[in-house]
Structure formats: C-alpha cells, structure tokens
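Comments concern the structure below.
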C-alpha cells in the first residue's frame, strides 16, 4: 500500500490503473480507524480493482473547535489497518492541500440537512459536502462507501450526488457494533471505562425499542426511548427522532412510510455519540 499526500500524485497513480481497466473505490474517513471502517474498506476491495482510503480530519465540518482539537489522529496505526484490509492507497493530505483557498461554496439540501444533526450542528453538513465533493473530484471513483451509522450524512451525500450529477455509485454499509452492541465510533476512544459502560444504554435502549414498537405507537416508542436515556446514568439526550428513512422527516404513524428509522444523539460525559435503528425497511 502506498501513502500519498497530494492530489497530483494520487491522480497520476489512478490514471495508470484506470488505463488497465480497473475500477476505483473510495472510502472517505477522518482516520482513527476501527473495525467499522475496516468493513467499508473490505467491501470496496471486494468490489473494485483499486481502493483509495482518504484519511483527513476535515476542519470545515466541525462547528466546535474543541471537538476538532480532541479528534484522535493515528495515521501510523490507520495505515497498518488499511494495509491489512487490502487498500491500494491511503490518501493523507494536509489541510493546505485540500483547502489551498477557503471554500466558500454553500451546499443546501433542505429539508435533509436542516433536521437532527443539521439543527444541532450548524454548518456541519456544508463542511461534509465541501470535503466529499473535493474527494470525488480528486479521485473520480466508480463507487464510494459510507457507513449507515452516520445515517443523515449518507442521505445528504446521496442527494448531493444526484443534484451534482456525479457518475458514481454510493454504497451504504451496515453499522458495525462491539459484541455488547455499542456502535463503533472513533470517539469511543475518549470514553472512560465507566462512561463506556453507561454508553451501552444507548444501543440497548434502541434494541428494546424495536420490540416495543411492534405493539406501540410512534409517540409511545419515542417517549419510551427518551425516558430510558434520561433515566440512564451519565447520559444526556440531545435528540431522538423517528423519521422516514428517505426524507428524514418525522413520522407520526408506522403507516406513514415503508422505511422508518430512529436516529439518536446522546452525550456520554463530554463525548457526543450517535446511533440509529431501523424499525421498518423495504
């Protein structure tokens, strides 16, 4: 595996490989890689002749400078994981490489980007779309892989691809969890042992809510989750929404949509964790 730091060098490598007829898969990441990322990389390796994994902590998607400063940076360990997964290239550019000038582009995909994360993290999805579009332009992948844990992000990127007419396939990949159910996240590294134990209440509550939902209304299920998280030690609920999986708009009845997802964000101590669960899926 090669580690590449400039767009020019990456494009030179990819041009030669495309001339051999190879398809290119892209896995955008911010590093601090774990088994969830590995599942995306392995999927790409299985479906493409060449896999590029970007490792870049994108400053424009952080609306909290403290969160940006604390985000784990572990490039050497990341490269070892990527090599083990069969990636061809780790693309680890500098901020100056990706943003030689400030990016003033405004991306708006309302109502997808105005609810949930969009409401609580203003500017976040604009930053996500800035960097993802830059990566798409630099790599020109045939397929790009994103995890379903960032459910809203995946929906917004699909819409960006549709509106900007990118000629690529977006592949959503299932959430990867620890054996005890905790959704894998780079931020889990910041949890103390006690906080990690408390964080288990998030996934456990979501799993219970899926069973609960089979015999209760949407509003009853919403209340059950909110009360369970509020009663759990060391957790502070930011939001829990039960939404249409395509439009991300709230549903009031299970009959409102064939695709219904519960999306949650919880603070465990100072660490902000997200998760989701599918109640109905086509």
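Here the Cβ of each residue, glycine as well, is placed from N, Cα and C on the backbone.
The structure displayed is predicted, hence computed values, not measured ones.
Annotated in Swiss-Prot:
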ACT_SITE  37  active site, proton donor
BINDING   30-37, 147-150, 176, 184-187  ATP binding site
BINDING   61, 153  (R)-pantoate binding site
BINDING   61  beta-alanine binding site
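Among the binding-site residues 61, 148, 153, 176, the ones whose Cα sits within 10 Å of the Cα of the residue listed as 'active site, proton donor' are 176. Around the Cβ of residue 30 (ATP binding site), a 10 Å sphere holds 19 further Cβ atoms from the protein chains shown. A straight line from the CA of residue 176 (ATP binding site) to the CA of residue 153 ((R)-pantoate binding site) spans 17 Å. Sequence-distant neighbours of residue 153 ((R)-pantoate binding site) (same chain, 6+ residues apart, CB-CB distance under 8 A): 117, 125, 128, 146. All protein chains considered, the CB of residue 36 (ATP binding site) has 21 other CB atoms within 10 Å.
It is 18 Å from the Cα atom of residue 148 (ATP binding site) to that of residue 61 ((R)-pantoate binding site). Taking all protein chains in view, 26 other C-beta atoms sit within 10 angstroms of the C-beta of the residue listed as 'active site, proton donor'. Annotated pair residue 33 (ATP binding site) and residue 61 ((R)-pantoate binding site), C-alpha to C-alpha distance, rounded: 18 Å.
A gap of 11 Å separates the Cα atoms of residue 30 (ATP binding site) and residue 61 ((R)-pantoate binding site).
Every protein chain shown contributes to the tally, and the Cβ of residue 176 (ATP binding site) ends up with 18 other Cβ atoms within 10 Å.
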